[in-house]
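The structure appears below as C-alpha cells.
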Amino acid sequence: MDPSLSPVSIHYAIKKETWRRTVVLSFQSLGIVYGRLSTTPLYAFGSIDPSNIKSGEQIYELFSFVFWTLTTIPLLKYAFIVLKADDNGEGGTFALYSLLCRHANVGLLPSDVSATELMHQEEETPTKMKVESRERRYKSSHYLLLLLALIGSCLIICDGIFTPALLVLSATSNLRRSLSQLAPRFTSSEKARQSVDKYLKKYIPVPVACAILICLFLLQRYGTNRIGVIFAPIVIVWLMFICGFGLYNIVHHPQILWAISPTYMFRFIKKIDVTSWKLLSSTALYIAGSEAMFADLGHFSKRSIKVTFVFLVYPALVLCYAGQAAFFSKHLGTSDDDAHLSESVTHRQLNHIFNILSLFASLVGSQATITASFSIINQCQALACFPRVKVIHTSEKVRGQVYVPDANWMLMVLSLSILIGFHDISVIANATGLAVICGMLVTTCLMSQIIALQWEKTVAFLSVLFLLFFGSIEALYLSSCFLNFTKGAWCVIVLSLIFMTIMVSWHYGTIKKYEFDIENKVTVDWLTDLSPGLGVSRVSGIGFIHSNIVTGIPAFFSHFITNLPAFHQVLILLSFKSLPVPYIPKNERYLIGRIGHKEYKIYRCIVRYGYRDHVRDVNDFEDQIISSVGEFIAREERHHEASVLQEGRMIILGTNGNALVPFVEQSESGQQVTDIENPTTTITSTRRKKIRFMLPASSPKMNPLVRKELQELVDARESGTAYFLGHSHLKVRKGTNFVKQFLVMAYAFLDRNCREPPIALDIPHAALLEVGMVYTI
C-alpha cells in the first residue's frame with residue numbers, strides 16, 4: 001500500500017470483493033480476458049501444414065502436448081501462481097518489475113525522498129534490508145531485470161498487433177469457405193465455380209478483415225466495462241458451441257481420451273526430427289492468451305479471473321481440442337482445409353452458423369490483447385519507460401480499466417499493415433507464436449525473482465524449481481518457433497527492437513534529467529544568502545514554481561534568479577502526486593510545508609489526486625492552494641509545529657473545529673466582506689475574486705504574528721500571481737560514446753513530439769513564465 005495514503009483514502013483503495021461483484025467481473029472478463037484464449041481453436045490447428053502430419057497417431061501425440069501444456073501453463077502457472085504476484089491490483093511484466101523495484105530496491109531511477117514518505121516512515125524488516133543490501137552489490141542485475149521487463153512489455157504490445165490480424169483473418173477465411181460451399185447452388189459450371197472461388201479468395205478474407213479491424217479499434221473508446229458486457233455473451237455462446245461439437249466428436253471417436261496419457265508425448269520425442277519439431281511451434285498457439293490473464297488483471301480481480309478459467313474456459317477448451325484432434329485423426333488428407341476448426345463441424349447448416357459466430361468471436365479474442373497492450377503501456381509510462389501518452393480511466397471502481405487513444409491508433413495502423421503485408425494465416429501465426437512464448441518466458445524469469453526475493457531463503461529452492469520447470473517447457477516451444485524465423489517470426493524481432501529503442505531511450509533520458517534535477521537543486525539558504533550579493537528584490541505578488549522534486553528548490557528557478565535577480569513576495573513550490581485511488585477527498589488533497597524561516601514566506605505544496613480526479617476542471621484551483629497555505633499558517637502556530645517542521649515534513653490539511661476556516665468569495669462592488677485584521681469592521685472591494693479567512697466563534701484569539709502573515713498572503717494574492725515552468729534542452733557532453741548520444745537524440749525527438757507534460761491546472765498565458773535551461777548529460 002502506498003505510504004502516502006491516509007486511513008480515509010485507504011477506504012477508497014481497498015474494498016472487500018463480494019461474490020456478487022465476482023460474478024459480475026467474471027462475466028465481463030469473458031469478453032476481455034478470455035476472448036483470446038477461447039478463440040485459439042480458430043487458427044491453432046489451421047496453422048499446421050498438413051504435409052507435415054505423417055499419420056493420425058501423430059495427431060494423438062500432438063494432442064497430448066496440447067492437453068498437458070494447457071494444464072501446466074494457463075492453469076497451474078498463471079491461475080494458481082502468477083496471479084498472486086499482483087502490484088496493487090495490476091498485472092503484467094511491468095507489475096512484476098515494479099514489485100522488485102519496491103521490495104528489493106533494484107529500480108534504476110534515483111530515489112528522491114518524498115514528503116509523504118517522511119510523514120509515514122515505514123519500518124524496514126531485517127529480511128527486507130538483507131535483500132536490499134544483497135541486490136545493491138550487483139548493479140548489472142538491475143539492468144538485466146529492467147531489460148527483461150522492457151522485452152516482456154514489447155512482446156505484449158507486439159501480440160496486440162499480430163493477434164487481431166490473425167484472428168480476424170482466420171474468421172474471414174472461414175466465411176470465404178462457407179460462401180464457396182454455397183456456390184454450387186447458383187451455378188452448375190465447374191469453370192464458373194472456380195471463378196467464383198477465385199473471386200472470393202481475392203475480395204473476402206483480407207478486405208473484410210481490414211474493415212472489421214477498423215471497427216474493432218473504433219470501439220475501444222467506450223471502455224473495458226461496456227465492451228466486456230457486449231462481448232461476454234458472444235464468448236459464452238462460442239464456448240458452448242465448440243464444447244458441444246468437441247463432445248460430439250469425442251463420442252464418435254472416444255479413443256482420443258487415451259492421448260491424455262504422457263506416454264504419447266514420449267513417443268513423439270523418441271522419433272523427433274526437424275519436420276516434427278516444427279509442429280511443436282503451433283502448440284504455443286494453443287495457450288496464446290494466457291498472458292492476458294495476468295496482464296489484464298488490473299481490469300478485473302484475481303478471484304474473478306481464476307473462477308472463470310477453472311470452471312468454464314479450461315474444460316471447454318480441453319473438450320474442443322480433444323474433439324478437433326479426434327476428428328482430424330480420422331479424416332486426415334480428405335480436403336485442402338482439413339486442419340481448420342470449421343471442417344470438424346460436419347453439419348452444413350451449423351457450419352454456416354459457426355462461421356458467422358467465429359467472426360464475432362474473433363473480435364472478442366482480439367480485444368484481450370488490445371486491452372493488455374493498454375495496461376502495459378500505462379504501467380510503462382508510470383515507471384518512466386514510455387513517452388507521454390493520454391490515459392483515460394474508464395471506470396471509477398476498477399483502476400486498471402484504461403483506454404490509451406494514441407496507442408489505439410498505433411496498434412490499428414500496425415495491425416492493418418501486418419494483415420495487408422502478409423495476408424497469410426500461417427505466416428502471421430508463426431510471428432504470433434514467437435511473441436506469445438517469449439512473453440511467457442520473460443514472465444517466468446521475473447516471477448522466479450519475486451519468489452526468491454520475497455520468500456527469502458526458507459523456500460528459495462522453489463524459485464529455482466519454478467524457473468526450471470516452467471522455463472524448460474517454454475524454452476522447448478521457443479526453439480521450435482525459431483525454426484520458422486524466416487516465415488514471419490522475424491517481424492516480431494524487428495518490431496520489438498523498435499519498441500525497445502523507444503522505451504530504453506525514454507528511460508535513459510528521464511534518468512539523466514532526474515539526476516540533473518536532484519544534483520543541481522539548491523537549498524533555501526543558497527537563495528537567501530545569494531540575495532544580498534546579487535541585489536535580489538522581492539516584488540509584490542505570489543509566484544507558483546512547478547517542480548518534479550519535493551525537496552529543495554529546482555535548478556531552473558536558481559538559473560532564473562541568477563540571471564534576473566527578483567522573485568515574488570510569496571513563493572509556493574507546487575508538485576503533483578498521483579495515488580492509486582479513484583478520488584482524494586478535498587480535506588486530504590493538499591500537503592503543505594514551510595521552506596526556511598518564516599520571514600522568507602516560501603511554502604511547499606504537494607497536490608495529491610486520484611486517477612479519476614479532474615483537477616484541471618477546478619476553476620478556483622489557485623484560490624484553493626492559497627486557502628490551504630493560510631490554513632497551514634494557523635495550524636502550524638496552534639500546534640507549535642514550526643520548530644519541528646523541517647524540509648520535507650508536511651501537514652495533511654483537513655477539517656478541524658478549532659482550525660482557521662479559509663474561504664473564497666467572489667466580491668461584488670459594494671459587497672461587504674470580513675477583514676482578517678479587524679473582524680468587527682467591513683470593507684468595500686472592487687469586482688474581483690479574493691481570499692478571506694474567518695475563525696470559528698469557539699476559537700482562541702489569533703496570534704498577531706499569524707494574523708500579520710495571513711494578511712500578507714491576502715495582499716500578495718490581490719497583487720497578482722505568476723507561474724514558473726522549467727523547459728529543458730538536453731545537450732550531450734563531449735566525448736560521450738555513440739550509444740549514449742543516440743539515446744539522448746532519440747529522447748529529445750520523442751520529447752518534442754509526444755504530449756506535453758500533464759499540469760493539473762490551466763495556466764493563464766499572461767501569467768506564464770517558462771524558463772529554459774540546458775541539461776548537459
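Using N, Cα and C of the backbone, Cβ positions are placed for all residues, glycine too.
Taken straight from TrEMBL:
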- 26-528: domain 'K+ potassium transporter integral membrane' (DOMAIN)
- 143-169: transmembrane segment (TRANSMEM)
- 203-220: transmembrane segment (TRANSMEM)
- 227-248: transmembrane segment (TRANSMEM)
- 307-328: transmembrane segment (TRANSMEM)
- 409-427: transmembrane segment (TRANSMEM)
- 434-453: transmembrane segment (TRANSMEM)
- 459-477: transmembrane segment (TRANSMEM)
- 489-508: transmembrane segment (TRANSMEM)
- 547-777: domain 'K+ potassium transporter C-terminal' (DOMAIN)
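Across the domain 'K+ potassium transporter C-terminal' (547-777), the prediction's mean pLDDT works out to 71. Long-range contacts of the transmembrane segment (459-477) within its own chain (CB-CB distance under 8 A, at least 6 residues past either end) are made by residues 69, 72-73, 77, 81, 280-281, 283-284, 433, 437, 440-441, 444-445, 447-449, 451-452. Count of Cβ pairs under 8 Å against the transmembrane segment (227-248): among 203-220, 307-328, 434-453, 489-508, the largest is for 307-328. Counting only same-chain residues 6+ beyond the ends of the transmembrane segment (489-508), those with a CB under 8 A from a CB of the stretch are 108, 146, 150-151, 153-155, 157-158, 161-162, 380, 384-387, 414, 418, 422, 430-431, 433-435, 438, 481-482, 740, 742-744, 746-747, 750. For the transmembrane segment (143-169), the list of distant contacts is 36, 39, 42-43, 92-94, 96-97, 100, 106, 108, 205-206, 209, 212-213, 216, 288, 291, 295, 362-363, 365-366, 368-370, 372-373, 376-377, 379-380, 385, 411, 414-416, 418-419, 422-423, 425, 428-429, 431-432, 435-436, 438-439, 442-443, 445-446, 449, 491-492, 495-496, 499-500, 503-504, 507: same-chain residues at least six beyond its ends, Cβ to Cβ under 8 Å.
Sequence-distant contacts of the transmembrane segment (203-220), counting only residues of its own chain at least 6 positions beyond either end whose CB sits under 8 Å from a CB of the stretch, comprise 164-165, 168-169, 171-173, 175-176, 179, 227, 359, 362-363, 366-367, 370, 374, 403, 408-409, 411-412, 415-416, 419-420, 423.
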